[in-house]
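Okay, structure first, notes after.
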Amino acid sequence: MTDVKKSIRANRGTELECLGWEQEAVLRMLRNNLDPEVAEKPEDLIVYGGIGKAARDWDAFHAIEHSLKTLKNDETLLVQSGKPVGMFRTHPQAPRVLLANSVLVPKWADWEHFHELEKKGLMMYGQMTAGSWIYIGSQGILQGTYETFAELARQHFGGSLKGTLTLTAGLGGMGGAQPLSVTMNEGVVIAVEVDEKRIDKRIETKYCDRKTASIEEALAWAEEAKLAGKPLSIALLGNAAEVHHTLLNRGVKIDIVTDQTSAHDPLIGYVPEGYSLDEADRLRQDTPELYVRLAKQSMKKHVEAMLAFQQKGSIVFDYGNNIRQVAKDEGLENAFDFPGFVPAYIRPLFCEGKGPFRWAALSGDPADIYRTDALLKELFPTNKALHRWIDMAQEKVTFQGLPSRICWLGYGERKKMGLAINELVRTGELKAPVVIGRDHLDCGSVASPNRETEAMKDGSDAVGDWAVLNALVNTAAGASWVSFHHGGGVGMGYSLHAGMVAVADGSELADERLARVLTSDPGMGIIRHADAGYERAVEVAKEQDIIVPMQK
């Protein structure tokens, strides 16, 4: 299996293995998801987020590869939970691939039924960008995490986290962005992580500065940095359910508390207190029911600590892993006393159609990304926050796999950037085509009552129609591949979400498709929030001449 792991890497350059650049882009991004620089456990096809996979099994992976190599420019490949199940003739402007991952009928939409199907080889968990083949490593969530802490700093600390201490946990593919996001905002952070390999990966990619297994050493480093007003990120090896209570008992002053452990998956994602990783693995294999019970009890204890910090004056927020829900199910009635990050910090951006816009250079040449960085500044010369982000990303972000970039852009801006990238491909300034996509966490693509759609103004938190409409409109608009998933971020039964990717290959046809997709996709966010009664979304719809039939 080690040999297989080493062999998975996206091709670079302009030589094609497939019959067209769209198919080639899909193949390269599928492989990029499993690049050892990118994936958490590539030998098991796991990309990030507990058991978020790129393909159902190795046979399915190789079948997908073969299908993409033979897929014609007027055909569409269908992928059901990581397994290729059909190829049909469609037309050149249709998506080359349509994917559905871990979608269960609501009455059966829980982890127990999912695991039954998974054991039978009938389903896989796609997370968000794992099964939709547009994961780019921790950078993929970095700016969203950075923007969250930046908005928190604006609301509570005068615009900077300098001199503050943040406590969090979880340094996996998503949580790994937290340390760098805090230090980019000039703060100090202690991030608790039970798996030392994950810590080492974050330090190796420069997302985290230091590591220790000693609470005393972590606190000493943190205090020194705070007093000096210097940013510092510290990974503390330990279990959050234990460490947080130790810090409480010692009376340590924490300014900000959040969490990004894989609490969405109690069986695979969260390690119960009192167990080493090896002991946890054995317990998981031998008595999974006991494991889940102990993990949920630890999560309850973890949330109790977060609530206690809140009582002591810390700013506490949930970072979308559903840990509050688990704690409430375990009998902690006030588990939702602290808010989720979307209603607290991100929703105003969603109302303007802003969200995570990412792209990857299929050439494999970092110079292509640096040229697009310059392009961003050329297109948006007055957006100083965007310029600052690009400068920091160039300085601090290590590319994982194919060189890539992410930034948050709004309605109109995404189309402008996409068409400009396509022009650079056409003129040869970029050495090969570029894929343009996003996280499923976006303004108009998710229904997730404990995360993206928490506390909607009109009470429409659980309405899943919007995520379905997003997938449908991106298919109609001509995205290169479109995905619809269940359970990403917060686990089975708690979310529905859609993703899209479009390929800028320099052609006039790509111009047409990019213009449609990069308009309708963020436009979904505006109409979704306008429909829910958000005044800013209504204003933006009017400003941008977006037709919302029943909107006054």
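Backbone N, Cα and C atoms are what each Cβ position is placed from, and that goes for glycine too.
Here Swiss-Prot flags 49-50, Q127, 173-175, E193, R198, 239-240, 260-264, 270-271, Y319, G489 as NAD(+) binding site, drawing on experimental evidence. Summarising the annotation, Swiss-Prot assigns active site to C407 and lists sequence analysis as the type of evidence.
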Whole-number Å value for how far C407 (active site) lies from Y270 (NAD(+) binding site) (Cα to Cα): 30
Local backbone state of A240 (NAD(+) binding site), from DSSP in three classes: helix
Cα separation, E193 (NAD(+) binding site) to the residue listed as 'active site' (Å, whole number): 27
Which of A240, Y270, G489, all binding-site residues, has a Cβ with the fewest other Cβ atoms inside 10 Å: G489
Other C-beta atoms that fall within 10 angstroms of the C-beta of G49 (NAD(+) binding site): 29
Proximal but sequence-remote residues of the same chain as E193 (NAD(+) binding site) (Cβ under 8 Å, at least 6 apart): A169, G170, L171, G175, I199, A235, L236, L237, G238
Per DSSP, three-state class assigned to E193 (NAD(+) binding site): strand
Greatest C-beta neighbour count within 10 angstroms, which of the recorded positions G173, S262, C407: G173
